[in-house]
Amino acid sequence: MQRKDALKEIARLRDELNRHNYRYYVLAQPEISDYAFDQELERLIALEKAFPDLVTPDSPSQRVGGEITKEFPTVTHRQPMRSLSNTYSLEEVEEFYARVLKLLPEEAGENPEFVAELKFDGVAVSLLYRDGFLVQGATRGNGVEGDDITPNIRTIGSVPLQLRGGAAMAAEQYGGREIEVRGEVFMRKDDFAALNEGRPEEEQFANPRNATAGTLKLQDSAEVARRKMMFVAYYLTDPQCRSMQHVQRLQRLEEMGFYTGGHYSTCRSFDEIRDFIGRWEVDRLTLQYDIDGIVLKLNNPAFWDELGATSKSPRWAIAYKYPAEQAETVLNDVVFQVGRLGTITPVAELEAVRLAGTTVKRSTLHNFDEIRRLDVRIGDRVVIEKSGEIIPKVIRVVPGTRREDSSEIAIPSHCPVCGTALLHPENEVSWYCPNSQSCPAQVKARILHFASRNAMDIKSLGESLVEQLVHNGLVADSGDLYRLTADEVSHLDRMADKSAMNLLKAIEKSRTREYERVLYALGIRHVGLATARELAAAYHSIDLLASAALEELSCVADIGPVIAQSVHDFFRNPDALALVEKLRTAGLRLAASAPKALVNRNFEGMKVIFTGTLERHSRDDAAALVAQRGGKEVKSLSRKTDLVVAGKDPGSKLQKALKLGVRVIGEEEFEAMLF
């Protein structure tokens, strides 16, 4: 075939395949069989193979996958991907509705519209289009940063590689614009069942959401393509759509080629909202995919900024979640787990029962006070409950069903793993194993924490591998990870040479993690990532922190007496100091890096407090803006405070600031100071 003929045929095949994709995924009106579609696709692939210079990123052939991604790079979202506040109570939905009406200005009218949508039980992602072409797909991650999984996103048939309009029209319609589309990736029930059926010798996925989450993080995009997933769009950011109502944006998404689910409705009263929720509580069972609730949004985006957002969620939307599913079963036994800090947690062993699409055999009992409160015994018939992806919990004993041979759950006197006598600190609920350095369960849990995403982020280091490393005496603490060799690791179960090298590369990369993450990774009791940041800001090296007196630590912003005591005790423990020295030898960052270049110096040296609610920024975002300009957010107000930024509904700090003579500004003036 001549090149000009190939070009013409390739263009025809692409247009046809894109049209069939749209009819199948968006309109649910397929015109041809899967076999006929595959035949057309194979012809396109063959032509592109013969003329490789004609391959384009938006070609349907690029959905087949085949790219191997060794590591997903991290990307920063243009706007934070906040989750919605959620409730299981219709009363709280009504309170939300009334609260929004009260906060809206008069021009919103007496009965502003809300949009009710189905809440898909999937994995949130963000898609970025430039000039009409898909250039990036990213996971939500922590809301600020996510993983770039573009090769895997490209394999999803309901994700347009090019926004509808054709190549010629794309430049005209979308040229010079960046468009962001957010939504959920999910798996249909029949596709999920087929996936599990094709894994007879492998562990079965618990539910479609777990299967979707796991599939999106696979490194082989060809395998991702084989697992059928869908994308439902629910949010559009487009410079040309700013004046559109939310429901109009959903319709615009459909015009662009996206699947939106279609089951959304505008509501002008709470009665209409309640009817929608009630109708779908029943009708959702007929769908071919899982939904776990209803999302309610104010229809007019012009008022979204007016209502603002908390640090976690917008005030103009809420998610109503259908009540948690429950099931009855028998509590056969109780086992005791040991956490990284030695906490003993009772876990119920249950007679297997189906709940929320999964088979449940275990459930948490939290602690021994909870066991007493429930008055639960071994042999009892109990009710368990599961909300979303939360671990199932025992919520009550079924009245009148207790057997004569039921037995009380005894508090163990010794650690179930290492046999050390347990301790029960005064004024604490939990019991602890004090054998922190030699108890295998604690050692393994600490290493897993050290390797976790927010700590050292050592990919490939999972529970089974840590189990082997500890059991075989290769590691006794987190510092030993940096002494592992390829020969040692490759001899472990399911660890070929390639897997061993991948692990060692991940460990090597972790040496560059920031000082604050190393502090968090140490696993100091009561020290989360936010506290680790405060400590790193106050003490620029671990040596300064280790030598700090208890009184000094107590004066650090947001570090109370309990945390101060915990940090102080940690650095007076010889085993902890030995671990720090191992990490120093391994080359980890035990001191703060040189500060990043400032955007400007408008807040240089200033201690700033925020009170009330800011409309344009979350509290964390505002604090970051101040830090980028040389200032620092503080929590405690005193005469040494330089500035108080007062948002809506400020607290008592405003009055205190006025009494102390501290400068107070509003959000508008704060915005002006940024530039």
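Yeah, the Cβs are placed from backbone N, Cα and C, and that goes for glycine too.
Positions annotated as NAD(+) binding site by Swiss-Prot, on the basis of sequence analysis: Asp34, Tyr35, Ala36, Phe37, Asp38, Ser83, Leu84, Glu117, Arg140, Glu184, Lys297, Lys321. Taken from Swiss-Prot, the feature active site, N6-AMP-lysine intermediate covers Lys119, and the record attributes it to sequence analysis. Swiss-Prot lists Cys415, Cys418, Cys433, Cys439 with the feature Zn(2+) binding site. What Swiss-Prot records for 598-675 is domain 'BRCT'.
In the domain 'BRCT' (598-675), the DSSP tally of helix, strand and coil residues is 25 helix, 17 strand, 36 coil.
This prediction places the mean pLDDT of the domain 'BRCT' (598-675) at 83. Closest to Lys297 (NAD(+) binding site) by Cα-Cα distance, out of the recorded positions Lys119, Cys418, Cys433, Cys439, is Lys119. The DSSP secondary structure for Arg140 (NAD(+) binding site) is coil.
Among the recorded positions listed (Ala36, Asp38, Leu84, Lys119, Arg140), Arg140 has its Cα nearest to the Cα of Cys418 (Zn(2+) binding site).
The Zn(2+) site is defined by Cys415, Cys418, Cys433, Cys439, and by the 8 Å test on Cβ atoms against their centroid, the other residues of the chain that qualify are Val338, Gly342, His414, Pro416, Val417, Gly419, Thr420, Pro434, Asn435, Ser438, Pro440, Ala441, Gln442. In this structure, Lys119 (active site, N6-AMP-lysine intermediate) is part of a beta strand by DSSP. On a Cα basis, Arg140 (NAD(+) binding site) lies 39 Å away from Cys415 (Zn(2+) binding site). Geometry remark: Arg140 (NAD(+) binding site) versus the residue listed as 'active site, N6-AMP-lysine intermediate', CA distance 16 Å. For the binding-site residues Ala36, Asp38, Leu84, a Cα-Cα cutoff of 10 angstroms around Lys119 (active site, N6-AMP-lysine intermediate) retains nothing. Long-range Cβ proximity for Cys433 (Zn(2+) binding site), meaning a same-chain Cβ under 8 A and a gap of 6 or more residues, is found for Val338, Gly342, Ile344, Cys415, Val417, Cys418, Thr420, Leu422, Leu423, Cys439, Ala441, Gln442. Around Leu84 (NAD(+) binding site), the C-beta neighbours below 8 angstroms that are at least 6 residues distant in the chain are Val295, Ser313, Pro314, Ala317, Ile318, Ala319. The Cβ neighbour count for Cys415 (Zn(2+) binding site), using a 10 Å radius over every protein chain in view, is 22. Of all the binding-site residues given, namely Arg140, Lys297, the one with the smallest number of surrounding CB atoms inside 10 A is Arg140. Following the DSSP three-state reduction, the secondary structure of Cys415 (Zn(2+) binding site) is coil.
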